[in-house]
(Lines of atoms letter the chains of each structure in order from A and count residues from 1; the text may use other names and numbers.)
(Lines give C-alpha, C1' and ligand atoms only; values in the text may rest on other atoms or scores of the structure.)
Protein backbone atom coordinates (compact mmCIF):
# COMPACT_ATOMS: atom_id res chain seq x y z
CA UNK A 1 0.00 0.00 0.00
CA UNK A 2 2.81 2.43 0.86
CA UNK A 3 4.42 1.86 -2.54
CA UNK A 4 1.12 2.51 -4.28
CA UNK A 5 0.54 5.84 -2.53
CA UNK A 6 4.15 6.98 -3.14
CA UNK A 7 3.68 6.16 -6.82
CA UNK A 8 0.48 8.19 -7.01
CA UNK A 9 2.15 11.14 -5.26
CA UNK A 10 5.03 11.04 -7.74
CA UNK A 11 2.68 10.71 -10.69
CA UNK A 12 0.87 13.87 -9.58
CA UNK A 13 4.17 15.79 -9.48
CA UNK A 14 5.63 14.16 -12.65
CA UNK A 15 2.68 13.02 -14.77
CA UNK A 16 4.87 12.27 -17.83
CA UNK A 17 7.31 10.01 -15.99
CA UNK A 18 7.26 6.34 -17.02
CA UNK A 19 5.88 3.92 -14.44
CA UNK A 20 8.53 2.29 -12.26
CA UNK A 21 9.26 -1.34 -12.86
CA UNK A 22 7.90 -3.80 -10.36
CA UNK A 23 10.61 -5.45 -8.31
CA UNK A 24 11.02 -9.22 -8.68
CA UNK A 25 8.73 -11.02 -6.30
CA UNK A 26 6.85 -7.83 -5.35
CA UNK A 27 3.08 -7.65 -5.59
CA UNK A 28 1.55 -5.16 -8.01
CA UNK A 29 -0.91 -3.61 -5.65
CA UNK A 30 -2.03 -0.73 -7.78
CA UNK A 31 -4.75 -2.57 -9.64
CA UNK A 32 -6.07 -4.38 -6.59
CA UNK A 33 -6.11 -1.30 -4.40
CA UNK A 34 -7.54 0.97 -7.06
CA UNK A 35 -10.41 -1.48 -7.13
CA UNK A 36 -11.18 -0.35 -3.61
CA UNK A 37 -11.87 3.14 -4.84
CA UNK A 38 -15.49 3.91 -5.54
CA UNK A 39 -17.40 6.63 -7.24
CA UNK A 40 -19.69 7.88 -4.52
CA UNK A 41 -21.72 9.82 -7.01
CA UNK A 42 -23.70 6.63 -7.68
CA UNK A 43 -26.47 5.90 -5.20
CA UNK A 44 -27.45 2.36 -4.36
CA UNK A 45 -30.68 1.09 -2.81
CA UNK A 46 -31.45 2.54 0.63
CA UNK A 47 -28.81 5.19 0.08
CA UNK A 48 -28.69 8.93 0.58
CA UNK A 49 -28.61 11.07 -2.56
CA UNK A 50 -25.93 13.67 -3.24
CA UNK A 51 -28.57 16.29 -3.94
CA UNK A 52 -27.36 19.19 -1.80
CA UNK A 53 -25.98 22.02 -3.89
CA UNK A 54 -22.57 23.57 -3.13
CA UNK A 55 -24.04 27.04 -2.45
CA UNK A 56 -26.39 25.47 0.11
CA UNK A 57 -23.50 23.72 1.84
CA UNK A 58 -21.41 26.91 1.85
CA UNK A 59 -24.19 29.01 3.38
CA UNK A 60 -24.82 26.33 6.02
CA UNK A 61 -21.11 26.44 6.84
CA UNK A 62 -21.24 30.22 7.21
CA UNK A 63 -24.39 30.65 9.30
CA UNK A 64 -26.20 27.31 9.59
CA UNK A 65 -25.28 26.58 13.21
CA UNK A 66 -25.60 30.11 14.61
CA UNK A 67 -28.28 30.01 17.27
CA UNK A 68 -29.39 31.36 20.60
CA UNK A 69 -25.99 30.71 22.18
CA UNK A 70 -24.57 33.78 20.42
CA UNK A 71 -27.64 36.03 20.45
CA UNK A 72 -28.74 35.31 24.04
CA UNK A 73 -26.09 33.23 25.83
CA UNK A 74 -23.44 35.91 25.40
CA UNK A 75 -25.36 38.04 27.92
CA UNK A 76 -24.79 35.46 30.66
CA UNK A 77 -21.09 35.38 29.80
CA UNK A 78 -20.65 39.15 29.42
CA UNK A 79 -21.42 39.68 33.12
CA UNK A 80 -17.96 38.15 33.76
CA UNK A 81 -16.29 40.91 31.75
CA UNK A 82 -15.54 41.64 28.08
CA UNK A 83 -12.00 40.29 28.40
CA UNK A 84 -13.24 36.96 29.76
CA UNK A 85 -15.85 36.80 27.00
CA UNK A 86 -13.30 37.44 24.24
CA UNK A 87 -10.85 34.86 25.62
CA UNK A 88 -13.58 32.23 25.78
CA UNK A 89 -14.70 32.78 22.18
CA UNK A 90 -11.18 33.00 20.73
CA UNK A 91 -10.01 29.83 22.51
CA UNK A 92 -13.05 27.74 21.61
CA UNK A 93 -13.08 29.26 18.13
CA UNK A 94 -9.61 27.79 17.61
CA UNK A 95 -10.82 24.42 18.90
CA UNK A 96 -13.88 24.27 16.68
CA UNK A 97 -11.89 25.37 13.61
CA UNK A 98 -9.37 22.57 14.20
CA UNK A 99 -12.27 20.11 14.54
CA UNK A 100 -13.66 21.32 11.21
CA UNK A 101 -10.38 21.18 9.29
CA UNK A 102 -9.70 17.69 10.69
CA UNK A 103 -13.14 16.66 9.50
CA UNK A 104 -12.44 18.36 6.18
CA UNK A 105 -9.19 16.46 5.62
CA UNK A 106 -10.91 13.14 6.32
CA UNK A 107 -14.01 14.08 4.31
CA UNK A 108 -12.09 15.21 1.22
CA UNK A 109 -9.73 12.23 1.19
CA UNK A 110 -12.05 9.43 2.29
CA UNK A 111 -15.60 10.73 1.73
CA UNK A 112 -18.49 8.58 2.90
CA UNK A 113 -22.10 9.02 3.97
CA UNK A 114 -21.83 7.60 7.49
CA UNK A 115 -21.28 10.78 9.47
CA UNK A 116 -18.70 10.89 12.29
CA UNK A 117 -19.52 7.43 13.59
CA UNK A 118 -18.17 5.88 10.38
CA UNK A 119 -14.74 7.43 10.88
CA UNK A 120 -14.61 6.38 14.54
CA UNK A 121 -15.56 2.81 13.57
CA UNK A 122 -12.98 2.69 10.79
CA UNK A 123 -10.05 4.47 12.44
CA UNK A 124 -10.42 3.85 16.19
CA UNK A 125 -12.75 1.06 17.34
CA UNK A 126 -16.22 -0.09 16.23
CA UNK A 127 -17.33 0.37 19.84
CA UNK A 128 -16.33 4.03 19.70
CA UNK A 129 -18.18 4.39 16.39
CA UNK A 130 -21.29 2.93 18.01
CA UNK A 131 -21.02 5.26 21.02
CA UNK A 132 -20.20 8.30 18.87
CA UNK A 133 -23.17 7.74 16.58
CA UNK A 134 -25.68 7.24 19.36
CA UNK A 135 -24.16 10.12 21.34
CA UNK A 136 -24.62 12.41 18.32
CA UNK A 137 -28.17 11.15 17.89
CA UNK A 138 -28.94 11.77 21.58
CA UNK A 139 -27.47 15.25 21.34
CA UNK A 140 -29.79 16.38 18.57
CA UNK A 141 -32.95 14.70 19.78
CA UNK A 142 -32.37 16.46 23.11
CA UNK A 143 -31.62 19.87 21.61
CA UNK A 144 -34.64 19.50 19.28
CA UNK A 145 -37.28 20.06 21.99
CA UNK A 146 -34.92 22.65 23.48
CA UNK A 147 -35.15 24.76 20.32
CA UNK A 148 -38.90 24.24 20.00
CA UNK A 149 -39.33 25.23 23.66
CA UNK A 150 -37.33 28.40 22.95
CA UNK A 151 -39.58 29.11 19.95
CA UNK A 152 -42.68 28.88 22.16
CA UNK A 153 -41.19 31.11 24.84
CA UNK A 154 -40.26 33.73 22.23
CA UNK A 155 -43.82 33.76 20.87
CA UNK A 156 -45.19 34.28 24.38
CA UNK A 157 -43.72 37.78 24.12
CA UNK A 158 -46.68 38.63 21.85
CA UNK A 159 -49.22 35.86 22.62
CA UNK A 160 -49.06 35.44 26.38
CA UNK A 161 -52.17 33.28 26.83
CA UNK A 162 -51.08 30.27 24.75
CA UNK A 163 -49.08 27.52 26.42
CA UNK A 164 -45.60 26.76 25.04
CA UNK A 165 -46.79 23.23 24.19
CA UNK A 166 -49.10 24.58 21.46
CA UNK A 167 -46.20 26.12 19.60
CA UNK A 168 -44.13 22.96 20.04
CA UNK A 169 -46.85 21.03 18.16
CA UNK A 170 -47.28 23.65 15.42
CA UNK A 171 -43.63 24.09 14.56
CA UNK A 172 -42.88 20.42 15.20
CA UNK A 173 -45.25 19.45 12.39
CA UNK A 174 -43.68 22.04 10.06
CA UNK A 175 -40.10 20.85 10.51
CA UNK A 176 -41.10 17.19 10.23
CA UNK A 177 -42.67 17.91 6.84
CA UNK A 178 -39.56 19.81 5.73
CA UNK A 179 -37.43 16.76 6.55
CA UNK A 180 -39.65 14.35 4.60
CA UNK A 181 -39.00 15.98 1.21
CA UNK A 182 -35.88 15.78 -0.95
CA UNK A 183 -32.63 16.94 0.68
CA UNK A 184 -32.33 19.63 -1.99
CA UNK A 185 -35.45 21.33 -0.61
CA UNK A 186 -34.17 20.97 2.93
CA UNK A 187 -30.92 22.56 1.78
CA UNK A 188 -32.83 25.37 0.09
CA UNK A 189 -34.80 26.11 3.26
CA UNK A 190 -31.60 26.12 5.30
CA UNK A 191 -29.90 28.31 2.68
CA UNK A 192 -32.45 31.10 3.05
CA UNK A 193 -32.73 30.79 6.83
CA UNK A 194 -28.94 30.81 7.13
CA UNK A 195 -28.77 33.87 4.88
CA UNK A 196 -31.35 35.61 7.08
CA UNK A 197 -29.34 34.73 10.21
CA UNK A 198 -26.14 36.05 8.63
CA UNK A 199 -27.82 39.35 7.78
CA UNK A 200 -29.22 39.62 11.32
CA UNK A 201 -25.81 39.06 12.90
CA UNK A 202 -24.17 41.57 10.56
CA UNK A 203 -26.83 44.15 11.47
CA UNK A 204 -26.39 43.60 15.22
CA UNK A 205 -22.58 43.77 14.98
CA UNK A 206 -22.70 46.99 12.96
CA UNK A 207 -25.23 48.45 15.39
CA UNK A 208 -23.02 47.79 18.43
CA UNK A 209 -19.95 49.08 16.58
CA UNK A 210 -21.71 52.31 15.55
CA UNK A 211 -23.12 52.86 19.05
CA UNK A 212 -19.70 52.36 20.66
CA UNK A 213 -18.23 54.99 18.29
CA UNK A 214 -20.77 57.61 19.30
CA UNK A 215 -23.60 56.87 16.90
CA UNK A 216 -26.27 56.78 19.62
CA UNK A 217 -28.77 59.65 20.20
CA UNK A 218 -26.72 60.66 23.27
CA UNK A 219 -23.51 60.82 21.23
CA UNK A 220 -21.51 59.02 23.94
CA UNK A 221 -18.41 57.37 22.44
CA UNK A 222 -17.52 54.42 24.67
CA UNK A 223 -14.89 52.72 22.49
CA UNK A 224 -12.93 50.45 24.85
CA UNK A 225 -13.80 52.57 27.88
CA UNK A 226 -15.75 49.70 29.50
CA UNK A 227 -12.59 47.59 29.38
CA UNK A 228 -11.14 50.05 31.90
CA UNK A 229 -14.22 51.09 33.83
CA UNK A 230 -15.63 48.81 35.21
CA UNK A 231 -12.87 46.58 33.74
CA UNK A 232 -12.15 43.65 31.42
CA UNK A 233 -12.48 40.85 33.99
CA UNK A 234 -15.23 40.46 36.58
CA UNK A 235 -15.41 38.16 39.58
CA UNK A 236 -17.52 35.05 39.23
CA UNK A 237 -21.06 35.53 40.45
CA UNK A 238 -24.20 33.42 40.39
CA UNK A 239 -27.75 34.15 41.38
CA UNK A 240 -28.60 32.27 44.59
CA UNK A 241 -31.83 32.59 46.62
CA UNK A 242 -32.92 35.97 45.23
CA UNK A 243 -29.42 37.41 45.63
CA UNK A 244 -25.96 37.07 44.05
CA UNK A 245 -23.15 34.91 45.42
CA UNK A 246 -19.62 36.16 44.54
CA UNK A 247 -16.28 34.39 44.43
CA UNK A 248 -13.75 37.15 45.08
CA UNK A 249 -10.15 37.74 44.05
CA UNK A 250 -8.09 36.07 41.35
CA UNK A 251 -10.02 32.81 41.85
CA UNK A 252 -13.25 34.62 41.06
CA UNK A 253 -11.79 36.21 37.91
CA UNK A 254 -10.43 32.84 36.76
CA UNK A 255 -13.85 31.24 37.27
CA UNK A 256 -15.33 34.08 35.24
CA UNK A 257 -13.02 33.25 32.33
CA UNK A 258 -13.86 29.56 32.65
CA UNK A 259 -17.60 30.32 32.67
CA UNK A 260 -17.14 32.16 29.37
CA UNK A 261 -15.23 29.22 27.88
CA UNK A 262 -18.07 26.83 28.76
CA UNK A 263 -20.68 29.24 27.37
CA UNK A 264 -18.64 29.69 24.17
CA UNK A 265 -18.58 25.90 23.78
CA UNK A 266 -22.38 25.85 23.79
CA UNK A 267 -22.50 28.71 21.28
CA UNK A 268 -20.18 26.89 18.86
CA UNK A 269 -21.95 23.54 19.07
CA UNK A 270 -23.44 22.44 15.76
CA UNK A 271 -20.62 23.92 13.67
CA UNK A 272 -19.89 20.36 12.55
CA UNK A 273 -23.34 20.34 10.90
CA UNK A 274 -21.75 20.57 7.45
CA UNK A 275 -19.74 17.42 8.21
CA UNK A 276 -22.95 15.40 8.15
CA UNK A 277 -24.06 17.17 4.95
CA UNK A 278 -20.81 16.08 3.23
CA UNK A 279 -22.48 12.72 2.57
CA UNK A 280 -25.17 14.38 0.46
CA UNK A 281 -22.92 16.83 -1.37
CA UNK A 282 -21.58 16.16 -4.90
CA UNK A 283 -17.82 16.21 -5.52
CA UNK A 284 -16.61 16.24 -1.87
CA UNK A 285 -12.97 16.63 -2.98
CA UNK A 286 -13.77 20.17 -4.16
CA UNK A 287 -16.78 21.23 -2.09
CA UNK A 288 -15.70 19.95 1.34
CA UNK A 289 -12.54 22.13 1.61
CA UNK A 290 -14.49 25.15 0.38
CA UNK A 291 -17.18 24.66 3.04
CA UNK A 292 -14.60 24.09 5.78
CA UNK A 293 -12.77 27.29 4.89
CA UNK A 294 -16.05 29.20 5.22
CA UNK A 295 -16.09 28.14 8.88
CA UNK A 296 -13.12 30.38 9.63
CA UNK A 297 -15.04 33.37 8.24
CA UNK A 298 -17.95 32.63 10.57
CA UNK A 299 -15.76 32.19 13.66
CA UNK A 300 -13.74 35.37 13.13
CA UNK A 301 -16.48 37.73 11.95
CA UNK A 302 -19.71 36.52 13.53
CA UNK A 303 -18.48 35.16 16.86
CA UNK A 304 -15.21 36.90 17.74
CA UNK A 305 -16.12 40.27 16.22
CA UNK A 306 -19.63 39.95 17.67
CA UNK A 307 -18.49 39.53 21.28
CA UNK A 308 -15.78 42.17 20.82
CA UNK A 309 -18.21 44.95 19.80
CA UNK A 310 -20.70 43.75 22.41
CA UNK A 311 -18.08 44.31 25.12
CA UNK A 312 -17.52 47.79 23.72
CA UNK A 313 -21.22 48.72 23.86
CA UNK A 314 -22.33 47.22 27.21
CA UNK A 315 -20.47 47.27 30.57
CA UNK A 316 -20.57 44.03 32.54
CA UNK A 317 -22.13 45.73 35.59
CA UNK A 318 -25.02 47.24 33.66
CA UNK A 319 -28.33 46.83 35.58
CA UNK A 320 -30.07 46.28 32.24
CA UNK A 321 -27.69 43.39 31.48
CA UNK A 322 -28.38 41.73 34.85
CA UNK A 323 -32.11 41.99 34.22
CA UNK A 324 -31.65 40.50 30.75
CA UNK A 325 -29.80 37.48 32.13
CA UNK A 326 -32.82 36.72 34.31
CA UNK A 327 -35.10 36.70 31.24
CA UNK A 328 -33.26 33.62 29.87
CA UNK A 329 -34.94 33.70 26.41
CA UNK A 330 -36.64 36.19 24.10
CA UNK A 331 -35.69 39.58 22.69
CA UNK A 332 -35.39 41.15 26.15
CA UNK A 333 -32.80 38.51 27.11
CA UNK A 334 -30.39 39.49 24.32
CA UNK A 335 -27.42 41.65 25.29
CA UNK A 336 -27.71 43.26 21.84
CA UNK A 337 -31.12 44.55 22.93
CA UNK A 338 -29.48 45.90 26.10
CA UNK A 339 -26.95 47.77 23.95
CA UNK A 340 -29.78 49.40 22.00
CA UNK A 341 -31.76 50.27 25.14
CA UNK A 342 -28.74 51.94 26.75
CA UNK A 343 -28.33 54.02 23.61
CA UNK A 344 -31.97 55.13 23.64
CA UNK A 345 -33.30 52.74 20.96
CA UNK A 346 -36.32 51.17 22.65
CA UNK A 347 -38.00 49.13 19.89
CA UNK A 348 -35.20 46.70 19.12
CA UNK A 349 -36.57 44.03 21.49
CA UNK A 350 -39.54 43.42 19.17
CA UNK A 351 -37.27 43.15 16.13
CA UNK A 352 -34.79 40.82 17.88
CA UNK A 353 -37.68 38.66 19.04
CA UNK A 354 -38.82 38.20 15.46
CA UNK A 355 -35.29 37.46 14.30
CA UNK A 356 -34.84 34.86 17.03
CA UNK A 357 -37.74 32.88 15.58
CA UNK A 358 -35.68 32.29 12.44
CA UNK A 359 -32.76 31.09 14.59
CA UNK A 360 -34.74 28.60 16.65
CA UNK A 361 -36.85 27.22 13.79
CA UNK A 362 -33.75 26.77 11.62
CA UNK A 363 -31.96 25.03 14.48
CA UNK A 364 -34.90 22.66 15.11
CA UNK A 365 -35.09 21.90 11.39
CA UNK A 366 -31.40 20.98 11.36
CA UNK A 367 -31.77 18.89 14.52
CA UNK A 368 -34.10 16.38 12.87
CA UNK A 369 -31.88 16.28 9.78
CA UNK A 370 -28.73 15.54 11.78
CA UNK A 371 -30.34 13.01 14.10
CA UNK A 372 -31.97 11.09 11.25
CA UNK A 373 -28.78 10.93 9.14
CA UNK A 374 -26.83 9.78 12.18
CA UNK A 375 -29.13 6.88 13.01
CA UNK A 376 -29.23 5.98 9.28
CA UNK A 377 -25.42 5.79 9.29
CA UNK A 378 -25.50 3.60 12.40
CA UNK A 379 -27.93 1.22 10.69
CA UNK A 380 -25.60 1.03 7.67
CA UNK A 381 -22.85 -0.15 10.03
CA UNK A 382 -25.25 -2.63 11.68
CA UNK A 383 -25.19 -0.61 14.90
CA UNK A 384 -28.89 0.32 14.80
CA UNK A 385 -32.06 -1.56 13.77
CA UNK A 386 -31.98 -2.48 10.09
CA UNK A 387 -35.22 -0.65 9.35
CA UNK A 388 -33.46 2.66 10.03
CA UNK A 389 -31.33 2.37 6.89
CA UNK A 390 -34.32 2.33 4.54
CA UNK A 391 -34.81 5.35 2.27
CA UNK A 392 -37.49 6.27 -0.23
CA UNK A 393 -36.90 6.98 -3.91
CA UNK A 394 -35.87 10.55 -3.06
CA UNK A 395 -33.11 9.31 -0.73
CA UNK A 396 -34.91 10.38 2.47
CA UNK A 397 -34.51 7.96 5.45
CA UNK A 398 -38.19 7.94 6.45
CA UNK A 399 -37.93 5.58 9.49
CA UNK A 400 -34.94 7.55 10.83
CA UNK A 401 -36.83 10.84 10.46
CA UNK A 402 -39.82 9.31 12.26
CA UNK A 403 -37.68 8.08 15.17
CA UNK A 404 -35.97 11.46 15.55
CA UNK A 405 -39.31 13.30 15.48
CA UNK A 406 -40.72 11.32 18.42
CA UNK A 407 -38.39 13.16 20.79
CA UNK A 408 -40.24 16.42 20.16
CA UNK A 409 -42.56 15.16 22.91
CA UNK A 410 -39.81 15.91 25.47
CA UNK A 411 -40.77 19.55 25.10
CA UNK A 412 -44.08 18.82 26.82
CA UNK A 413 -42.15 18.66 30.09
CA UNK A 414 -43.05 22.35 30.20
CA UNK A 415 -46.55 21.34 31.32
CA UNK A 416 -45.19 20.51 34.78
CA UNK A 417 -41.89 22.45 35.04
CA UNK A 418 -41.00 26.06 34.51
CA UNK A 419 -39.84 26.58 30.91
CA UNK A 420 -36.64 28.32 31.96
CA UNK A 421 -35.69 25.36 34.20
CA UNK A 422 -36.19 22.88 31.36
CA UNK A 423 -34.17 25.10 29.07
CA UNK A 424 -31.33 25.11 31.59
CA UNK A 425 -31.37 21.32 31.90
CA UNK A 426 -31.18 20.92 28.13
CA UNK A 427 -28.36 23.45 27.81
CA UNK A 428 -26.22 21.55 30.33
CA UNK A 429 -26.83 18.22 28.59
CA UNK A 430 -26.09 19.57 25.12
CA UNK A 431 -22.78 21.14 26.13
CA UNK A 432 -21.28 17.81 27.18
CA UNK A 433 -22.84 15.82 24.33
CA UNK A 434 -21.47 18.21 21.72
CA UNK A 435 -17.99 18.32 23.22
CA UNK A 436 -17.86 14.50 23.22
CA UNK A 437 -18.55 14.56 19.48
CA UNK A 438 -15.59 16.89 18.96
CA UNK A 439 -13.42 14.42 20.91
CA UNK A 440 -14.54 11.61 18.60
CA UNK A 441 -13.65 13.60 15.47
CA UNK A 442 -10.21 14.55 16.82
CA UNK A 443 -9.36 11.05 18.04
CA UNK A 444 -10.43 9.60 14.68
CA UNK A 445 -8.24 12.09 12.83
CA UNK A 446 -5.19 11.50 15.06
CA UNK A 447 -5.60 7.72 14.62
CA UNK A 448 -5.77 8.12 10.84
CA UNK A 449 -2.62 10.27 10.74
CA UNK A 450 -0.73 7.75 12.87
CA UNK A 451 -1.80 4.92 10.57
CA UNK A 452 -0.66 6.88 7.51
CA UNK A 453 2.76 7.30 9.09
CA UNK A 454 3.03 3.60 9.99
CA UNK A 455 1.94 2.53 6.50
CA UNK A 456 4.29 4.99 4.82
CA UNK A 457 1.55 7.04 3.16
CA UNK A 458 2.64 10.66 2.60
CA UNK A 459 0.22 13.33 3.78
CA UNK A 460 0.96 15.25 0.60
CA UNK A 461 -1.37 13.01 -1.42
CA UNK A 462 -4.41 14.29 0.49
CA UNK A 463 -6.51 16.65 -1.67
CA UNK A 464 -6.97 19.05 1.27
CA UNK A 465 -4.40 19.82 3.96
CA UNK A 466 -4.48 22.52 6.62
CA UNK A 467 -1.34 24.05 8.18
CA UNK A 468 -2.83 23.76 11.69
CA UNK A 469 -2.78 19.98 11.42
CA UNK A 470 -1.78 17.58 12.76
CA UNK A 471 -0.25 19.50 15.71
CA UNK A 472 -3.37 21.56 16.34
CA UNK A 473 -5.50 18.45 16.81
CA UNK A 474 -3.59 17.52 19.99
CA UNK A 475 -4.10 20.98 21.50
CA UNK A 476 -7.78 21.06 20.57
CA UNK A 477 -8.28 17.56 22.00
CA UNK A 478 -6.69 18.56 25.32
CA UNK A 479 -8.80 21.72 25.64
CA UNK A 480 -12.01 19.86 24.79
CA UNK A 481 -11.32 17.16 27.39
CA UNK A 482 -10.74 19.86 30.02
CA UNK A 483 -14.06 21.50 29.13
CA UNK A 484 -15.84 18.16 29.45
CA UNK A 485 -14.28 17.37 32.84
CA UNK A 486 -14.90 20.79 34.40
CA UNK A 487 -18.10 21.83 32.62
CA UNK A 488 -20.08 21.05 35.77
CA UNK A 489 -18.14 23.46 38.00
CA UNK A 490 -21.28 25.51 38.71
CA UNK A 491 -22.88 22.49 40.43
CA UNK A 492 -20.51 23.12 43.37
CA UNK A 493 -21.04 26.89 43.73
CA UNK A 494 -22.15 28.09 46.25
CA UNK A 495 -23.09 24.57 47.38
CA UNK A 496 -23.55 21.17 45.76
CA UNK A 497 -26.62 20.96 43.47
CA UNK A 498 -27.48 17.45 42.35
CA UNK A 499 -29.63 18.49 39.36
CA UNK A 500 -26.83 20.57 37.81
CA UNK A 501 -24.30 17.84 38.52
CA UNK A 502 -26.41 15.15 36.83
CA UNK A 503 -27.20 17.18 33.71
CA UNK A 504 -23.54 18.22 33.37
CA UNK A 505 -22.09 14.71 33.50
CA UNK A 506 -24.78 12.23 32.48
CA UNK A 507 -23.64 12.53 28.85
CA UNK A 508 -20.21 11.16 29.76
CA UNK A 509 -21.79 8.18 31.51
CA UNK A 510 -24.03 7.43 28.52
CA UNK A 511 -21.05 7.62 26.16
CA UNK A 512 -18.82 5.31 28.22
CA UNK A 513 -21.64 2.82 28.82
CA UNK A 514 -22.30 2.64 25.08
CA UNK A 515 -18.64 1.88 24.38
CA UNK A 516 -18.51 -0.80 27.08
CA UNK A 517 -21.79 -2.46 26.04
CA UNK A 518 -20.80 -2.70 22.37
CA UNK A 519 -17.34 -4.06 23.17
CA UNK A 520 -18.84 -6.73 25.41
CA UNK A 521 -21.56 -7.69 22.93
CA UNK A 522 -19.47 -7.66 19.74
CA UNK A 523 -16.00 -8.35 21.19
CA UNK A 524 -14.57 -5.43 19.20
CA UNK A 525 -10.90 -4.45 19.26
CA UNK A 526 -9.02 -1.26 18.65
CA UNK A 527 -8.04 -0.77 15.01
CA UNK A 528 -4.27 -1.23 14.72
CA UNK A 529 -2.43 1.40 12.61
CA UNK A 530 -0.81 -1.18 10.34
CA UNK A 531 -4.18 -2.84 9.68
CA UNK A 532 -6.26 0.30 9.16
CA UNK A 533 -8.08 0.56 5.81
CA UNK A 534 -6.97 3.83 4.25
CA UNK A 535 -8.13 3.12 0.72
CA UNK A 536 -11.71 1.91 0.51
CA UNK A 537 -14.10 4.69 -0.36
CA UNK A 538 -11.63 7.02 -2.05
CA UNK A 539 -13.19 8.66 -5.06
CA UNK A 540 -12.11 7.21 -8.38
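Placement of Cβ uses the backbone N, Cα and C atoms for every residue, glycine included.
TrEMBL labels come from automatic prediction, so no person has curated them.
Given the ranges 231-254, 255-278, the record in TrEMBL names 255-278 as transmembrane segment.
Among the ranges 24-43, 164-183, the stretch that TrEMBL annotates as transmembrane segment is 164-183. Between the transmembrane segment (501-521) and the listed ranges 57-78, 137-158, 255-278, 396-416, the one holding the most Cβ pairs under 8 Å is 137-158. Away from its own ends, the transmembrane segment (355-376) comes close to residues 48, 64-68, 71-72, 115, 117, 133, 136-137, 140-141, 143-144, 147-148, 150-151, 154-155, 171-172, 174-176, 178-179, 186, 189-190, 193-194, 196-197, 200, 270, 273, 276, 279-280, 330-331, 334, 384, 388-389, 391, 397, 400-401, 403-405, 407 of its chain (Cβ-Cβ under 8 Å, at least six residues beyond either end). Below 8 A, the CB atoms of the transmembrane segment (137-158) and the transmembrane segment (84-104) form no more than two pairs separated by six or more positions in the chain, fewer than 3 in all. Here the transmembrane segment (255-278) has Cβ contacts under 8 Å with residues 52, 57, 60-61, 64-65, 67, 69-70, 73-74, 76-77, 80-81, 84-85, 87-89, 91-93, 95-96, 99-100, 103, 107, 111, 115-116, 187, 233-236, 247, 284, 288, 291-292, 295, 298-299, 303, 363, 366, 369-370, 373-374, 427, 430-431, 434-435, 437-438, 441, 483, 486-487, 489-490, 493 of the same chain, all six or more residues outside its ends.
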